[in-house]
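Trainee: Following this message is one structure expressed as structure tokens.
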Amino acid sequence: MNLLNLFNPLQTAGMEEEFDAIKIGIASPETIRSWSYGEVKKPETINYRTFKPERDGLFCAKIFGPVKDYECLCGKYKRLKFKGVTCEKCGVEVTLSKVRRERMGHIELAAPVAHIWFLKSLPSRLGMVLDMTLRDIERVLYFEAFVVTDPGMTPLQRRQLLTEDDYYNKLDEYGDDFDAKMGAEGIRELLRTLNVAGEIEILRQELESTGSDTKIKKIAKRLKVLEAFHRSGMKLEWMIMDVLPVLPPDLRPLVPLDGGRFATSDLNDLYRRVINRNNRLKRLLELHAPDIIVRNEKRMLQEAVDSLLDNGRRGKAMTGANKRPLKSLADMIKGKGGRFRQNLLGKRVDYSGRSVITVGPYLRLHQCGLPKKMALELFKPFIFHKLEKQGLASTVKAAKKLVEQEVPEVWDILEEVIREHPIMLNRAPTLHRLGIQAFEPILIEGKAIQLHPLVCAAFNADFDGDQMAVHVPLSLEAQMEARTLMLASNNVLSPANGEPIIVPSQDIVLGLYYMTRDRINAKGEGSLFADVKEVHRAYHTKQVELGTKITVRLREWVKNEAGEFEPVVNRYETTVGRALLSEILPKGLPFEYVNKALKKKEISKLINASFRLCGLRDTVIFADHLMYTGFGFAAKGGISIAVDDMEIPKEKVALLAEANAEVKEIEDQYRQGLVTNGERYNKVVDIWGRAGDKIAKAMMDNLSKQKVIDRDGNEVDQESFNSIYMMADSGARGSAAQIKQLSGMRGLMAKPDGSIIETPITSNFREGLTVLQYFIATHGARKGLADTALKTANSGYLTRRLVDVTQDLVVVEDDCGTSDGFVMKAVVQGGDVIEALRERILGRVTASDVVDPSSGETLVEAGTLLTEKLVDMIDQSGVDEVKVRTPITCKTRHGLCAHCYGRDLARGKLVNAGEAVGVIAAQSIGEPGTQLTMRTFHIGGAASRAAAASQVEAKSNGTARFSSQMRYVANNKGELVVIGRSCEVVIHDDIGRERERHKVPYGAILLVQDGMAIKAGQTLATWDPHTRPMITEHAGMVKFENVEEGVTVAKQTDDVTGLSTLVVIDGKRRSSSASKLLRPTVKLLDENGVEICIPGTSTPVSMAFPVGAVITVREGQEIGKGDVLARIPQASSKTRDITGGLPRVAELFEARVPKDAGMLAEITGTVSFGKETKGKQRLIITDVDGVAYETLISKEKQILVHDGQVVNRGETIVDGAVDPHDILRLQGIEALARYIVQEVQEVYRLQGVKISDKHIEVIIRQMLRRVNIADAGETGFITGEQVERGDVMAANEKALEEGKEPARYENVLLGITKASLSTDSFISAASFQETTRVLTEAAIMGKQDELRGLKENVIVGRLIPAGTGLTYHRSRHQQWQEVEQETAETQVTDE
């Protein structure tokens, strides 16, 4: 026998078994009894005098085991030698006391009780199985009604409910011919007598014969539950309990406090209540008490058990002495403080500490300063070991003493221990994987951790009192992973976008910018130097200044054919500072990268180039040197802020006067009634917005240039050396918007609801604010702070949902071999290329050959990873679109393949197997969310709103073409007025390639013609941004219909002007029901008073006024084509901010149907309008075969198509927000992906955040992972059920192999919350949200969790199947397969 096992009796053979899956089910009464070590009969806990557990009570030692190790309760048997003996006096087995954590007991219930989860967790499972309503079942269970369990020969129905009076009447009538019961017994009887297999047959037949949709849904649901029971072999009556398991006592402890009181777990109270009621019920049954008393006791028992299992699920929650609800078993596992999230997914760890961080500017990138005191504590065991090994201490106790006395040898040993032993630093909140990085510790005095300044960006740390936690990786493997994967110097690129995240900021940028700026006519200008050393000497002897323009010979290193560096000497026109900087450049980085004023963007490009050209190691060293240099020169520069640096532009007074005059003019127009109040407000806001911008521009022009005398004595402009300007220009701190507030004007402010206050703050911070101005300013500033707090929570929750939906997505194979993919084009908006094609395809794998459009030769073959070189080549050849692989179309079943994902952004090469790309995607999208939410208040609530666009201009020369949907009429002034809803002007270059595309709104005036040659900067069209006009396409005399004052239109008289206008009233607000359907319209008459018809038809022209329209024509007025009939004022402009942004991202990922969604054409065909019904318009689309599709559209909606127009399937026909589900259904997966990626990117772009499209695609893949079975074929699925895409694919392959009919399915788009909850793994779903519901469902289905994802493995305490853990899982899997093969072979040989 193994000696080691003597001391660990618990490690019996069964404990250490490896498992591959976890199955959940409903426990049968026999199972519960088999777990139990005895029945708990008394509600007592412990004897309050002796503190010993009461016999047969909730803490009984006989049932649950001894209180002290190897000692029975009465003390007859003590010590290890009696191990395993059961004391005959007190009945306690002598063993370890920790069995009290694992031995369960049970309570035999005197009456059966329904399990509340199966009753009340919606939809009620009991109700589904029995086909009864929840209300009915509850009436039976809580003793309000009888249920007929066996009607016998009587006309009663099975499952019929009878009230008490009914029951006694029927008893008198039929005698014992029928059975009816009350309470859980009745329900149990019904469940026991239900023939599951027979019921399934009946339901399947019904499913085929029925036609109604609701019925099919209902049957399918019942079928699913019943089939699950049938498959798993669980019995229906197990949902009703006869016997209740009792939790081991150490998991619900009773702790004596000082002063004779006890602290107890709520569960003990709940169990006591159950036992008390159960015992009382037993006694009443023995005494044959009257029915009514027994019934009441049974009901109370049912309620007690309900509270124990899930308190508060039904009725009022049971409360303890202090009036708060007791914590039941269900509460123990759910929510943030429950078992899953508190103890399984987030544990506290040993060997960790935390302290404040300070800056360590002398550190190297892979180092951090660790206070000696902390190191001593963290590395204690290692030090003890070393002390014993070196013979300085004979025992651990002695070593401990030495460490406590801090003898000198201890410090030497600490140095030794720490050498080459990385530690991990973490800053909360850890929003992405760079929130934990490994460093080599350097021992320092003091109590603060020193952090390298360049990693601050990754941690989002600053030194204003932030704290960080230290963790020590103990095992060799952990140290190795920390060093190779997590060391700060190995994490130069951001996983979100593949750009460097180790980028200098603030003082470093300022120093580098200062040293690389040039000054005109500085000391020693025009000197020639032989090499950098000479420049050094000249600089140190003050012959030249830092910004002096000089010519110098520089030696650069260039790679030759063989890949070796050889020196090349060139002469450069440069400055002293840049020449000095050239010394720290790594080999292979050309001097031209630093031969300019280095701003933050340039430095970022510099580090990026260094990484691509010189590799990781050189880049890290280079970054460090940049930092030291930057700090040094920032100190030498002595750049500071003074009041005089804030120069107020002289033009300010004039500009303000001009704006005030304009505002006065608008006010006058408003008084005359030419504009509405809303328009006036919008225009005033616009004027002030523009005025602010003009003042800001004047101020920046003033700040950025200064006059100097050059060498020849002429006065010239040079870039300013104003400190504030330099800080903003270099990107070190501040921005033009902030300088504008310091020395321009503060500008417009926002109210807390986001609308803009029309009186701006005209003064700036240098002049100071008046009391009123200060008061206006406080609004925005406070809102900013309040927003921040709310949004941080929102953003964290979004990240949590994203991580949850993608956590099991890991790269598992190299190539799935698909040739599917998406076609990538450059993103163009309004003629600006927002994202070039090269940016979008860099680091992707091509799905098909890339062909040169001019020569037709293949540039890049399919299946190639596009590197910078290849992308440049594609860019130069003028290719417009490239088809690339994408995670969405990857065919790998559980996980992704490397080729569909492409480049690992943080490493710059093809992604490795085992990379957890799902989690990285979730972090990359979630992390900036929090950053953005926090970035609202930095401008101090100043309204940042783009002045509304009122025209479009061409950006380049070319030819203007109108899109196919373009419709316009010429008005009597000869202007072309746009009357189409989705019109675009496209500009083609000389070869005919599309260069720009501009949307032109309805009612715009076109200033160009189709096919006209245009120049860059030419205006293409103009319009009024604040109102939408309503324009007539025909000429004639106005005749109103249903335009009745006080019924359909209201006369609005303006208080200020006294003028009145007619405004259309919203139908819902009209008084009588008849008037609700009336539609104010305008018809046109010719000179004879006959209605004018649409040319070529007999339909009279009739145009309806939309709600809120201000009618501008009068009855009987003559109008011409293109004239305005009415104006619809646009809502006032709110500030655009990520506030609208973060919820927008969440809305997209949750795939919510927007409030007033637009409509897409269901089929391709021709549009016509049918008869109106109930105030709705009937729109008909007829396809080529004459099949018509009809839809009703409410009057408020704006229809974008006209009679006779041809539309394509999926084209927008009714204005409104697009519903992503429609896009998926009508245009397919690629269109949907493009839409979501575009919309999400738009939000982030607005904030200047770069995220790779890949990450969004990874999440879309997870949103599309389930499909709806449209026709099950011969695959065994149920029509209409939702299943994993992979499962259908596998089933279809199998069906085709066997020659059966495969299933047809439709794609389904799930929001991220739903997708997380619908995952195959119930452990992952339960730990996410709605724990009770998930577990109830899983138990009924008898689900098995294969532990495929990361989360499940974390919860069961294994290595995750990603990264280095993937190999562990794979090898386990292989061993398991080998064992299976061997057993199979042995069986064959046996036979």
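Backbone N, Cα and C atoms are what each Cβ position is placed from, and that goes for glycine too.
Feature list, courtesy of Swiss-Prot:
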- Cys72, Cys74, Cys87, Cys90: Zn(2+) 1 binding site (BINDING)
- Asp462, Asp464, Asp466: Mg(2+) binding site (BINDING)
- Cys816, Cys890, Cys897, Cys900: Zn(2+) 2 binding site (BINDING)
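How buried are the listed features, and what sits near them?
Mentor: Around the Cβ of Cys90 (Zn(2+) 1 binding site), the number of neighbouring Cβ atoms within 10 Å comes to 17.
Of all the Cβ atoms in the protein chains shown, 5 others lie within 10 Å of the Cβ of Asp464 (Mg(2+) binding site).
Packing around Cys816 (Zn(2+) 2 binding site) is summarised by its Cβ count: 19 other Cβ atoms lie within 10 angstroms of its Cβ, all protein chains included.
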Trainee: Among the binding-site residues Asp462, Asp466, which residue has the largest number of other Cβ atoms within 10 Å of its own Cβ?
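Mentor: When each Cβ's neighbours within 10 Å are tallied, Asp466 leads.
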Trainee: Going by Cα-Cα distance, pick out whichever of the binding-site residues Cys72, Cys74, Cys87, Cys90 is nearest to Cys900 (Zn(2+) 2 binding site).
Mentor: Cys72
Trainee: Please determine which of the binding-site residues listed here (Cys74, Cys890, Cys897, Cys900) has the lowest count of neighbouring CB atoms within 10 Å.
Mentor: Cys74
Trainee: Do you know offhand how many angstrom separate Asp466 (Mg(2+) binding site) and Cys72 (Zn(2+) 1 binding site) by C-alpha?
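Mentor: Answer for this pair: 53 Å between alpha carbons.
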Trainee: Could you check the binding-site residues Cys72, Cys87 and say which one's CB has the most other CB atoms within 10 Å?
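Mentor: Counting every other Cβ within 10 Å of each candidate, the maximum falls on Cys72.
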Trainee: For the recorded Zn(2+) 1 site, whose residues are Cys72, Cys74, Cys87, Cys90, find every other residue on that chain with a C-beta no more than 8 angstroms from the centre of their C-beta atoms, and list them by sequence position.
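Mentor: So the additional residues around the site are Ala61, Leu73, Gly75, Lys76, Tyr77, Lys89, Gly91, Val92.
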Trainee: Taking the recorded Zn(2+) 2 site as Cys816, Cys890, Cys897, Cys900, identify the other residues of that chain whose CB atom sits within 8 Å of the mean position of the site's CB atoms, giving them in sequence order.
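Mentor: Neighbours within 8 Å of the Cβ centroid, excluding Cys816, Cys890, Cys897, Cys900: Glu813, Asp815, Thr818, Arg885, Pro887, Thr889, Lys891, Thr892, Leu896, Ala898, His899, Tyr901.
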Trainee: Based on DSSP, name the secondary structure state of Cys900 (Zn(2+) 2 binding site): helix, strand or coil.
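Mentor: Note: Cys900 (Zn(2+) 2 binding site) is helical by DSSP.
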Trainee: May I ask for the distance between Cys90 (Zn(2+) 1 binding site) and Asp464 (Mg(2+) binding site), taken between their Cα atoms and rounded to an integer number of Å?
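Mentor: The Cα atom of Cys90 (Zn(2+) 1 binding site) is 64 Å away from the Cα atom of Asp464 (Mg(2+) binding site).
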